[in-house]
Structures are given as C-alpha cells and as structure tokens.
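According to TrEMBL, the feature domain 'CobW/HypB/UreG nucleotide-binding' maps to B:29-199. The annotation GTP binding site is assigned in TrEMBL to B:Gly33, B:Pro34, B:Val35, B:Gly36, B:Ser37, B:Gly38, B:Lys39, B:Thr40.
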Amino acid sequence: MSRAALLVLADGRFPAGGHAHSGGAEAAVRAGRITGAASLEDFCRGRLTTSGLVAASLAAAAALGVDPGELDAAADARTPAPALRAAARKLGRQLLRAARATWPCGELDALAARFPTGAHQPVALGVVARAAGLDARDAAHCAAYESVSGPASATVRLLSLDPFDATGVLARLAPDLDHVAGQAVRAARTAAHEGADALPACSAPLLEIGAELHAARPVRLFAS
Amino acid sequence: MHLDHAHPGPAAVGADARCPDGTRRALRIGLGGPVGSGKTATVAALCRALRTELSLAVVTNDIYTREDAEFLLRQAVLPPERITAVETGACPHTAIRDDISANLEAVEELEDTVGPLDLILVESGGDNLTATFSKGLVDAQIFVIDVAGGDDIPRKGGPGVTTADLLVVNKTDLAPYVGADLARMAFDARAQRGELPVVFQSLRGEPGAAEVADWVRRRAAAWTA
C-alpha cells in the first residue's frame, strides 16, 4: 500500500462531490440536535458507529474483492431511506468519475459500465481504493473518516461554528474511528468467505428520517 | 457517463470533447458573476434568442434553493426537461471550479436524456469576483457584472473580470440613476482585458441580449466547424 495514495483519496478536496453533502448535519441542525461542538461530537459519534460502520465494512469488503453487485444490494438493504440511497448512488458515480481520471484502470471502467446510475458510494470507494493500490483497512478508514468529516465541515458553514472546535471534534473521535475501521475490516474478511450478510447492519433511524425531511425542503444549503 | 442506452463504451470522465460513441458533445458555456448582476435574466434571454436555431439546455447552480431553475421554468424559456439544478453545499465556486463532478453529471445527464444538444449553458450561483469556471467543465465563460454593483468593478479586476472570454456589463439603463460612468467602465475593462470582448447591455428593452447571443452563435459555429 501507498501511504501517500491514502492521503490523496482521503483528502476532503478530492473532487468527488462530497462538499455539497452534509451527511445529515443540516437536517440535525434544523431540528436542533446539533447546536455546537459538543452536540456535533455526539452526532458524529452516533453516525460513525452506525452508518459509518456499515459504510466502512462495505468499503473494506469491496477492497478485498467481494463482488460489487452483492455489496451494492447489501448497501440498499441497509439504507431504508430512498433519499439516502439516491444520494449514495449519486456520490458513488461522482467518486468513480474522479477516480477513473485519477487512477485509470479496467476495474473502474467495468464498475462504471455495470452501474450506469452509480453504485453506492462506499462500494465504489472500496473498488477505488484497490485501484489506488490501497488495502481494505485503508478503505475502511476512508469511509469511516468521511462519515464524520462531512458533517463537521458542513456544521462550520451551517452554524458558523469555530473551525478549530470542529477539527477538535474529529481529533477526539480518532480512537473511535480506528476502532470502527478495525471492526469493519474483520467483518469484511468474514463476508469474503460467508457473503455480504455477514456485514454489520446498524442503522440510525433519525438519520434516515432526517434525510427524507431534508429532501422535501425547498430551501437548503446541502444536497443531503 | 451514462451507459444505459445511447453510449456503448465506458463513459467520458472529464472535458473530453467527444462522447464515448465518437460524436462531438455539446458546447458548454459558463455564466458567472456576483449576486444579482443578471445572470439568470441573461440565460433566459439567450434561451429565447437561440432556442429555435440550437438544441440547448441549462444547468443552474443555486446556492440554497431551486430559485434560479424555477425562474427559468416559470418564464417557460425551455421545456422543463431541459433545465436542471445542481446543489452546491453553500459553496457555488467549489461546484464550478474545484469539484466539478456534480456539474459534469448534470451536463452529461442532459445530453443523454434530451440530447443530442448543441449548447449547454451552465449558470453559476451568485458569487464573488474571483469565481471562475474550470476548463474541465466549460469551453468558454461569460462573466456578468452590472452597473449598479459599482462602476469601479472593472478597475478592480479579479479573475472573472480579467480572464472571462466575454465580459457583460448589465443594466446599463440604470447607469444615470446610480451615477455609473459607462465610459470609465469600458476604459477600465479594456485596460484589464486587452483584446477580450466586453458587451454593455440592458435587458429592459431592445436589443436586449442580442449581442451576447451573437457571440454565443459564433462560439457554437466554431465548436462544430
């Protein structure tokens, strides 16, 4: 694996569309569940250990070479809200576009051909990690980190939160993040033998409900 | 990008001038500029002027609503399936310059669903004087400012004013009311832009956006030549 490639892929400026999504933070801010750094941290910890763990497991399994079609169906089954499915596919397609230009290879072309309307973003992320020469652990870390870095940077814009406080939240979550990535890799290894049913299926109902409410709002800053 | 119907091979990934099936894609022209300078009104006027001669579509980049897309829909300048809105996460310049992936999705989706297209206008959300379009997204860009925003804007320059392929100074009808000196704006623009063209227009009467439409026509002709 290349450490530098991991930095390229995990960089928030990697042009794959993430900047327009808040990871549920906008809906949570509007509902009064995120009001400052402390509640942002709670929100991020909740997201990390639910949809973050699921995303990290999917990404790790895809990086191990588990069939993307099976993983994409598993992602659908773990994403009840149609708005979140749509957002995940959109982001998967955007990620694939950026990655195909960045690390051109047949496997990414094949994934694009197989999922013309986009594979779930974590599944695409795992295949992209492979193409970038990264392993399952790297893919899991990327997915887990994205599950909290998106809400943190969105909250800076939504609440004019002090950016140092938001970054402090991410730093404090680092041990949890490592833990989640480890769990995800173990689950992915099991899934490589036993199939995608072995992947975690934790859900966060408020994220799902918030996403649906958000999608119906005429005025919003973020796409999801 | 789409492989479901028209295109056989793997999709384009960036600014490739040709679709995967070898046909030339639509010319993409970006319209940027500060909030309220008349970008959407100019897009509407261009649609009215060009829709009978060119197959065209519009992508809007609204900052927090679908307002611009809905304005164009209400004005019925194009059928609804030819207008698409991209959400920009509070950062309109990011969506047209630093991370163009959502806009590229939008233009390719338009080509796939209502194409073939000759021209796609990509309208930026209202932003600041440094906001320019990536060359990976558009083939040419128009920067729209207006006389009421201050007649010193051409002098101040910035990437939009200095480098856009066409600078439009809008709302010239307001010049006497806001004390804007059009001659000074023209002089300053020339100093900043050299030979790059500048159009002064008012959409309040004839000839409206005719001069900008002519510029777009010439671009479209050069694109297909």
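Cβ coordinates come from backbone N, Cα and C, glycine included.
All annotation found in TrEMBL is predicted automatically rather than curated by experts.
Comparing Cβ neighbour counts within 10 Å across the binding-site residues B:Gly33, B:Gly38, the minimum falls on B:Gly38. B:Ser37 (GTP binding site) falls within neither a helix nor a strand when secondary structure is assigned with DSSP, and so counts as coil. Neighbour density around each Cβ, counted as other Cβ atoms within 10 Å, peaks among the binding-site residues B:Pro34, B:Gly36 at B:Pro34. Around B:Ser37 (GTP binding site), taking its Cβ as the centre, 24 other Cβ atoms fall within 10 Å, counting all chains. Its Cβ taken as reference, B:Lys39 (GTP binding site) is surrounded by 30 other Cβ atoms within 10 Å in the chains shown. Long-range C-beta contacts of B:Thr40 (GTP binding site), restricted to its own chain and to partners at least six residues apart, with a cutoff below 8 Å, comprise B:Thr60, B:Asp68, B:Phe71, B:Leu72, B:Glu123.
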